[in-house]
């Protein structure tokens, strides 16, 4: 279900409160554009039905029906929950030219987008598990910013 969510960034005080909830690895990946090691992340082999939300702000990012096994060692999806929830940015770090993907609401680093996915989009959204929280189908979506916009929707 694609519904409208408030994409206003967290206020400075909300952002500081959210930063305080991160462990060192989450901070490195979400806020410093890091990457977790392949094949040893918690959501790679998750096959449950549900929604993957931003670990930092709770915005729905991907649905399990768009997840596929890419063989790369990171959770991969062929399309986002809605394109409005993903921001794309040109990335030339580490001597490569790539498209970085970030949460459209809080600007947290999620991973990268590659043009080698399956039909129908032929895109591969390659994500860090650390950047995501999995919400099983039938569970209320998180409302980390206390705006009341997520709590009416179940995955």
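Placed from the backbone N, Cα and C atoms, the Cβ positions cover glycine too.
Database features (Swiss-Prot):
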DOMAIN    15-137  domain 'MsrB'
BINDING   54, 57, 103, 106  Zn(2+) binding site
ACT_SITE  126  active site, nucleophile
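Cβ-based neighbour count (10 Å, all protein chains) for residue 106 (Zn(2+) binding site) stands at 22. Remark: secondary structure over the domain 'MsrB' (15-137) totals 26 helix, 40 strand, 57 coil, with classes taken from DSSP. For the pair formed by residue 126 (active site, nucleophile) and residue 103 (Zn(2+) binding site), distance between Cα atoms is given as 13 Å, rounded to the nearest Å. Excluding the listed site residues 54, 57, 103, 106, the same chain places 10, 55, 56, 58, 59, 104, 105, 107, 108 with Cβ atoms within 8 Å of the centre of the Zn(2+) site Cβ atoms.
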